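Listed features, source Swiss-Prot:
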type	residues	note
DNA_BIND	286-345	DNA-binding region
COMPBIAS	107-117	compositional bias 'Polar residues'
COMPBIAS	129-138	compositional bias 'Polar residues'
COMPBIAS	151-160	compositional bias 'Polar residues'
COMPBIAS	162-177	compositional bias 'Basic and acidic residues'
DOMAIN	194-268	domain 'POU-specific'
REGION	1-29	region 'Disordered'
REGION	67-138	region 'Disordered'
REGION	151-200	region 'Disordered'
Amino acid sequence: MAATAQYLPRNNSLPSNPLMHPDSDRMHQGTTYREVQKMMHQEYLQGLATNAGHHMSLTPHQWLPNPASDWGSGSHLGVQAEHAKSGVQSNREDLSSGFHHHRSHLVHQQSPSSHAWAQSGGHHLAPMSPSSNSHQPLIYSQSSYTNLNGMLGPQASSLHHSMRDPLHDDPGVHDTQVDSPPQHLGHHQDHSDEDAPSSDDLEQFAKQFKQRRIKLGFTQADVGLALGTLYGNVFSQTTICRFEALQLSFKNMCKLKPLLNKWLEETDSTTGSPTNLDKIAAQGRKRKKRTSIEVGVKGALENHFLKCPKPSAHEITSLADSLQLEKEVVRVWFCNRRQKEKRMTPAGVPHPPMEDVYSQAETPPLHHTLQTSVQ
């Protein structure tokens with residue numbers, strides 16, 4: 001009969017006849033259910049007496065009715081149910097204080113999620129009598145209503161929220177404190193966005209910086225080393241080149257822009273004093289100008305190269321003095337000439353002497369000799 005009571009209709013249009021079993025052969029009065037109810041109360045009282053002082057460890061029966069539920073006061077149970085109710089009234093009064101105290105402790109010991117489930121179940125199984133109290137009629141196990149969340153309506157969701165409110169002292173203040181950090185972060189983010197330059201500003205600055213750098217006569221490597229000497233951040237020539245070409249990330253462009261701007265201001269302020277300008281230029285790796293060698297001087301170097309492809313330091317010095325060139329220029333020219341000779345000679349072919357190669361200038365080319373033999 002307890003399982004049948006779960007599926008009773010929710011309206012109050014039931015007849016006043018005693019509760020009948022659905023089978024037509026066996027007709028039972030409503031007092032049978034009330035007798036079972038009385039037995040369940042007596043068993044629960046015996047359990048409380050046996051475990052005196054430890055009633056918190058007990059859990060009420062799954063289908064144990066609440067003393068204030070509608071199953072005891074409903075008019076649809078009939079007149080005989082009223083007489084049975086008066087018979088167990090004394091036991092229920094003794095049970096009322098301990099049972100309510102035990103149930104309140106169980107509710108507070110539950111987690112917020114299980115607490116919310118209990119109230120959600122009470123919302124769907126609403127009392128059938130308008131004179132019922134706010135307590136739920138029956139205490140159900142949570143495993144029977146695992147899919148109840150999708151069935152809840154707007155009223156149930158508001159009830160679900162209201163049952164979580166007692167867990168907080170001030171829900172309004174709590175919600176404000178939770179929502180305030182994102183607003184603070186958003187304000188801080190807006191402030192940082194205002195300070196950061198836009199992409200158009202970076203593009204314009206990169207263009208102006210390149211023009212000013214070329215006008216002042218500094219290379220990209222000079223700027224990178226000068227930044228390391230002045231501000232402690234050494235940048236390579238590739239980094240400065242990528243900045244001017246707008247190939248760095250936006251974050252790195254924003255970091256490098258103020259340093260380059262300070263370097264430009266420092267350079268512009270020292271334009272009138274050559275000593276300071278030379279000092280800044282000396283901090284970087286100064287690139288020498290490309291040396292232009294005249295045709296007569298180049299021929300003299302070629303003749304010396306045919307005699308000695310790898311001259312000694314003394315020979316380089318004497319040759320530089322005779323040609324009125326710097327010693328470093330003559331040394332670099334011989335290095336480049338030897339590399340050129342290696343590129344011209346195929347790999348695996350023995351390298352002939354320089355005199356033999358250039359002494360055969362009057363002989364016909366090799367391809368001409370091959371064509372003559374074929375004919």
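Glycine is no exception: its Cβ is also placed from the backbone N, Cα and C atoms.
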Using DSSP, how many residues of the DNA-binding region (286-345) fall into helix, strand and coil, respectively?
-> 42 helix, 0 strand, 18 coil
DSSP residue counts for the domain 'POU-specific' (194-268), split into helix, strand and coil = 59 helix, 0 strand, 16 coil
Do you know the mean pLDDT across the domain 'POU-specific' (194-268)?
-> 86
